[in-house]
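Taken straight from Swiss-Prot:
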{"type": "BINDING", "residues": "Arg71, Gly76, Ala77, Val78, Phe79, Lys134", "note": "ATP binding site"}
{"type": "BINDING", "residues": "Lys134", "note": "(R)-lipoate binding site"}
{"type": "DOMAIN", "residues": "29-216", "note": "domain 'BPL/LPL catalytic'"}
Amino acid sequence: MTTLRLLISDSYDPWFNLAVEECIFRQMPATQRVLFLWRNADTVVIGRAQNPWKECNTRRMEEDNVRLARRSSGGGAVFHDLGNTCFTFMAGKPEYDKTISTHIVLAALNSLGVMADASGRNDLVVKTPDGDRKVSGSAYRETKDRGFHHGTLLLNADLSRLAIYLNPDKKKLAAKGITSVRSRVANLTELLPGITHKQVCQAVTEAFFVHYGERVDAEVISPDKTPDLPNFAETFARQSSWEWNFGQAPAFSHLLDERFTWGGVELHFDVEKGVITRAQVFTDSLNPAPLEALAERLQGCLYRADKLQETCEALLVDFPEQEKELRELSAWIAEAVR
């Protein structure tokens, strides 16, 4: 009986694909070696412990219908589009070893005519006259008895969009600049014009089979019917939920300030698990009562633009004479946290 399992997703939904990955990882026998191949439509994928409001331009993402997906592994934020080929290798311990999966990906690239090397902990790079350029990045997750290595191969990704949706660390930005960060990345189509997602998947699959000396038929995973995976519906519901993607952010504080014709306003929020735990309002408005009431009502509110707007507009019942101010305030808060 084979110890290999090959799964290929025909969905571009990041929440679907990450839910499939999670279910397979949790229920696989410890003796199995799994390769899962997939790709996502426009998505920012963040690490398990990251704050989306800090890492991403959430307002621009909403405008452009770019999804946010939190993965279960650590590491940084990345932008996925259909120009990325994603892979996940899984194995039980003690066999799990990320150097094996890295070797398989390097062998696949080599078979296509691309000589790449592992660099640092997470990257695969190719040497060019301009220096090393990254063609793959990875992240890892381990539990007591198993582990996985997942990553992307940059096939024909729209690299310019990295700068639009990801807010780089200001120190990195000052030191390197957006252009130099972008120049360190390369698409495989620059090295192999015409290369396709299907060809990359075939190369990785063949290298996987060769390494283990076994072959197995691929299982195609489709959203057209619920995958036959234990607890998939619950896992997908969690993976696609606001509570997981936004609410799992580490505790943080947010300061908003604005000057209106009727006065200046400063809002201080403390947020834990996507919920406002403390709100303070400072203002030089001649009528601070509605703002003081707002601070009280915001405690316990979800840190979501629509919920903040609802809370603000609910004050119109108690303060109808301040309708103009409250509507301006409501629109500003919603825009500031979107």
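Glycine is no exception: its Cβ is also placed from the backbone N, Cα and C atoms.
All features noted in Swiss-Prot, drawn onto the structure.
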residue: Arg71; record: ATP binding site; contacts (Cβ under 8 Å, 6+ apart): Leu18, Val45, Ile46, Gly47, Arg48, Ala139, His150
residue: Gly76; record: ATP binding site; contacts (Cβ under 8 Å, 6+ apart): Ile46, Gly47, Gln50, Glu55
residue: Ala77; record: ATP binding site; contacts (Cβ under 8 Å, 6+ apart): Val44, Val45, Ile46, Gly47, Gln50, Glu55, Cys56, Leu166
residue: Val78; record: ATP binding site; contacts (Cβ under 8 Å, 6+ apart): Val44, Val45, Gly137, Thr152, Leu166
residue: Phe79; record: ATP binding site; contacts (Cβ under 8 Å, 6+ apart): Asp42, Thr43, Val44, Val45, Ala157, Arg161, Leu162, Tyr165, Leu166
residue: Lys134; record: ATP binding site; contacts (Cβ under 8 Å, 6+ apart): Ser119, Asp123, Leu124, Val125, Leu154, Arg184, Val185, Ala186
Legend entry - Secondary structure of Ala77 (ATP binding site) (DSSP, helix/strand/coil): coil
Legend entry - Three-state secondary structure, which DSSP defines for Arg71 (ATP binding site): coil
Inset, instruction - State the three-class DSSP label for Lys134 (ATP binding site), counting H, G and I as helix, E and B as strand, and everything else as coil. - result: strand
